[in-house]
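Undergrad: What follows is a structure written as structure tokens; I'll ask about it next.
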Amino acid sequence: MVKVVVCGAAGGIGQPLSLLLKYSDLITHLALYDIVNAIGVAADLSHINTASKVTGHVGKDMLPEALRGAHTVVIPAGVPRKPGMTRDDLFRVNAGIVRDLAEACAEHCPKAFILVISNPVNSTVPIVCEVFKKANVFNPRRIFGVTTLDVVRSSTFVHEIKPQFEPHLNRITVVGGHSGATIVPILSQIKNVSFTPEEIKTLTHRIQYGGDEVVKAKNGAGSATLSMAYAGARFTTSLLEASVRGKRGLVESAYVYLGSPGAERNLHSTGLEYFAQDVELGPEGVMNVLALSDLSAEEEALVKTAIGELKANISKGVKFVTSAPVSAKAKL
Ligand SMILES: NC(=O)C1=CN([C@@H]2O[C@H](COP(=O)(O)OP(=O)(O)OC[C@H]3O[C@@H](n4cnc5c(N)ncnc54)[C@H](O)[C@@H]3O)[C@@H](O)[C@H]2O)C=CC1
Ligand SMILES: O=C([O-])CC(=O)C(=O)O
């Protein structure tokens, strides 16, 4: 029995993501949760003749039954950007949404893999981890910020200017975080492709601000949904292949908790507790965080800039949970 729950399943990402997950023969039960419309989306998907059962759950009262027995919970719940906004501008609304969902996960499915899509990922992942720490159920190997879209974009954009680069066969390492300057593509390590300094500059900027391209083109109607659904399904499938089927050698980038600064798993000595890096997936989630080495001087400088911004994003997420007044529920 492999139950995957999508929280925010009726949304722009949630619907196509749920559709793609309905194709997976690794999932036996797809539970769709949202504060609106999830029953209808589930009824619609349930007519597709693939193996999984689909159930819909709407509103807080139905959240426990949606989460109980979950193997994996994917969270694209929350508001998207409009033109002129940064991802950090979403914190005001999305931090509370993600915290509440994390509290429910910590209570009803503490051992599930948690895949956070809701922005700002740089802060929402620390929020989930702090909630799990508070509930004494924290396992850093099982909580991921989904940064796959940055990798997907990187390979598409590189292919556009270097057609010999096969986007389906080659993955590009992207490290740091998931917003603007915190997104650091490691283009120097792409094999058999060379770039001029100008190409590197243009590509790096396009990858860092790829999300803005979509926000601008959608002109007020939200941000990337379809490409994100593809990226989210790819990451979920890799994790299921590794954890359910025991497939070895699967590597994806993800924004993960690295442990206390200086700890053994903090391989790049960024001094940060969270950083997006290539991770090898295994039965327990993060099996290995792959070391970063031989960066170009330009990439080292980009990482340095990313660290400054990430520090602030991480501390904002951590404080949101640790400095919160005791909730009315907890006082009772
Ligand atoms: N990690 C990444 O690479 C990416 C992240 N995103 C982020 O994903 C999030 C969702 O984006 P869209 O799907 O376009 O937004 P959307 O507004 O279309 O959908 C969000 C869904 O979340 C639901 N929701 C709101 N509060 C909820 C709660 N408390 N519990 C459960 N569901 C709740 C809404 O009802 C809605 O159906 C945004 O924060 C966006 O910035 C978007 C693209 C890429
Ligand atoms: O740009 C946004 O707000 C949505 C997002 O995270 C992306 O497309 O990478």
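Easy rule for this one: first residue shown is 1, then count along the chain.
Cβ from N, Cα, C; glycine included.
Features from TrEMBL:
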type     : residues                                                          : note
ACT_SITE : H178                                                              : active site, proton acceptor
BINDING  : G8, A9, A10, G11, G12, I13, G14, D34, N94, I117, S118, N119, M228 : NAD(+) binding site
BINDING  : R81, R87, N119, R153                                              : substrate binding site
DOMAIN   : 2-145                                                             : domain 'Lactate/malate dehydrogenase N-terminal'
DOMAIN   : 147-321                                                           : domain 'Lactate/malate dehydrogenase C-terminal'
Undergrad: Whole-number Å only: compute the distance from the Cα of M228 (NAD(+) binding site) to the Cα of N119 (substrate binding site).
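TA: Per the Cα atoms, M228 (NAD(+) binding site) and N119 (substrate binding site) stand 12 Å apart.
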Undergrad: At 10 angstroms around each C-beta, which of the recorded positions R81, R153, H178 has the fewest other C-beta atoms nearby?
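TA: Checked R81, R153, H178; of these recorded positions, fewest Cβ neighbours within 10 Å: R81.
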Undergrad: Just to verify: the residue among G12, G14, S118 with the fewest other Cβ atoms within 10 Å, which of the binding-site residues is it?
TA: G12
Undergrad: Under 6 Å from ligand 2 by Cβ, which binding-site residues from G8, R81, R87, N94, N119?
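TA: From G8, R81, R87, N94, N119, counting a Cβ under 6 Å from ligand 2 as near, the near ones are R81, R87, N119.
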Undergrad: Around the Cβ of R87 (substrate binding site), how many other Cβ atoms lie within 10 Å? Please give the count over every shown protein chain.
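TA: Other Cβ atoms found within 10 Å: 25.
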Undergrad: For A10 (NAD(+) binding site), which residues in the same chain are close in space, meaning a Cβ under 8 Å from its Cβ, but six or more apart along the sequence?
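TA: Expected: L32, D34, V36, N37, A38, G40, V41.
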Undergrad: Including all protein chains displayed, how many Cβ atoms other than that of N94 (NAD(+) binding site) lie within 10 Å of its Cβ?
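TA: Result for N94 (NAD(+) binding site): 23 other Cβ atoms within 10 Å.
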Undergrad: Taking R81, R87, N119, R153 as the record's substrate-binding set, what's the max Cα pairwise distance in Å, rounded to a whole number?
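TA: Comparing all Cα pairs, the maximum is 18 Å.
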